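Peer 1: Below is the structure I would like to discuss, written out as structure tokens.
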Amino acid sequence: MRSLWVEKRKDDPVKTQMYYAKQGIITQEMEYVAKIEKLSPELIRSEIARGRLIIPANVNHTTLEPMAIGIAATCKINANIGSSAIASDVQGEVEKMQVSQHYKADTAMDLSTGGDLDEIRKAVIASSKIPIGTVPIYQILHDVGNKIEDLSIEVMLEVLERQAKQGVSYFTIHAGFLLETMPKIAKRKMGIVSRGGSLMAAWMMHYHRENPFYTAYDEILDICARYDVALSLGDSLRPGCLADASDDAQLGELKVLGELTLRAWEKNVQVMIEGPGHVPLNQIERNMKLQRELCHEAPFYILGPLVTDIAAGYDHISSAIGAAVGGWHGASMLCYVTPKEHLGLPNANDVREGIIAYKIAAHAADIARGRKGARDIDDEMSDARYRFDWNRQFELALDSERAREYHDETLPQDVFKEAEFCSMCGPKFCSYKITQSIMDNPEAIEQIAREVKEREALGA
């Protein structure tokens, strides 16, 4: 689909969606997402020009179906996949990618750190119709034999260019963590929990020099502009526990990310901001407001946040609670957490669990925001339940297979797909049936209402 769109623009001096938006041009990608979001193409264009909305769509990922991330759009979710040094398998990551798309993740990040990273990424992008993001520092370190002291700006830029050529649509860049922030880490309970952030800290400690992503930021922007790679400005100092939430280190980095946002916009590079982390429920709204103020309303992309530190094995639930609140208060995309968080590498089933938890959170956020039409599917589900239309209920559920599977555990025969009860209440105790029998006699209800009024009048 995008091949023809990209081909027509191949000779343009700048090829980013932000560049076209600033020129007053509505691209085919903007028209496409406008239809999906049920918004006007002009609103999409103006939001991109303003920096409040992005369409991550590398010019080389021509099979990609454009999508929008921003406060004007529906709340999106990202699924993280990727190999590790302990477990790496190209086919396994492709399977996770397929699961991510089947359960309707909006984007995916390949966070591979083990195996042939280029081959894994190539296979993931080839199998994907959604934007793919990466954290380039993982491959940069991999390519220098995991020796942080051998990391150079030249290697860093070469890896970024290579990934951009492959079709990566957004990079997480840890450019906001500066030398001046290092002393603030000492006050923390858990220090640095971001892998990229910890690697940058190790590099700065080794060389006693400024963060190379910050030093080479202009060169990074040039690469992004050539391929229309959006920047996801990473939160190296996100809190990894409730005790560290909203501290000076986190907010100091956020301020720098705001400055980097303006520099990216000057070069027509699209930007979103990454956020925490582990945050108590009562601090989430404040975190969303601070991001908007410090980062000029660029889309906020949050990991959770997890609202408790003791949910090991259930962190997809703990974090989805925080994600729903964050989405309600303005986050544009939610990065999923799986049940394996803090415990191990997720498998395909963990990916499914994480996606569904976060689809629930994002949908709840859209309803809370009062987004037009967000609740329509919920109302349709309510109608199907009240009519005992089981097959329609399965179709409307975020995880249709799971809904059908649970119903079939106790009532597997097809005849029960027409039954006016489930195994919870049975035919005699179903509140729907009891209510329907009452509602079928409106005259009796009116008679009761008259009697109540008469009693009240006599009592007065």
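Using N, Cα and C of the backbone, Cβ positions are placed for all residues, glycine too.
Copied straight from Swiss-Prot:
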type: BINDING; residues: ASN80, MET109, TYR138, HIS174, SER194, ARG195, GLY196, ASP235, SER236, LEU237, ARG238, GLU274, TYR301; note: substrate binding site
type: BINDING; residues: HIS278, HIS342; note: Zn(2+) binding site
type: BINDING; residues: CYS422, CYS425, CYS430; note: [4Fe-4S] cluster binding site
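I would like each feature placed in context: is it buried or exposed, what are its neighbours, and how far apart are things?
Peer 2: Annotation note: ASN80 (substrate binding site) sits in a strand segment as assigned by DSSP. Close to ASN80 (substrate binding site) in the fold, though at least 6 residues off in sequence, lie ALA108, MET109, LEU111, CYS335, TYR336, THR338, PRO346, each with a CB less than 8 Å from its CB.
HIS342 (Zn(2+) binding site) carries neither a helix nor a strand DSSP state and counts as coil.
DSSP assigns CYS430 ([4Fe-4S] cluster binding site) to coil, not to a helix or a strand.
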Peer 1: Between HIS342 (Zn(2+) binding site) and SER194 (substrate binding site), what is the CA-CA distance rounded to a whole number of Å?
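Peer 2: Cα-Cα distance, HIS342 (Zn(2+) binding site) to SER194 (substrate binding site): 12 Å.
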Peer 1: Which has the fewest other Cβ atoms within 10 Å: ARG238, HIS278, HIS342, the binding-site residues listed?
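Peer 2: With the binding-site residues ARG238, HIS278, HIS342, fewest surrounding Cβ atoms within 10 Å: HIS342.
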Peer 1: Based on Cβ atoms within 10 Å, give me the single least packed residue among the binding-site residues SER194, SER236.
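Peer 2: Fewest other Cβ atoms within 10 Å, among the binding-site residues SER194, SER236, is found for SER194.
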Peer 1: Output, ordered by sequence, the same-chain residues six or more apart from TYR301 (substrate binding site) with a CB under 8 Å from its CB, or 'none'.
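Peer 2: The answer is ILE69, ASN78, SER232, MET272, ILE273, GLU274, GLY275, ALA331, SER332, MET333, LEU334, CYS335.
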Peer 1: Any idea what the Cα distance is from CYS425 ([4Fe-4S] cluster binding site) over to TYR138 (substrate binding site), rounded to a whole Å?
Peer 2: 53
Peer 1: Which binding-site residues are spatial neighbours of TYR138 (substrate binding site) here, meaning Cα within 10 Å, out of HIS278, CYS422, CYS430?
Peer 2: none
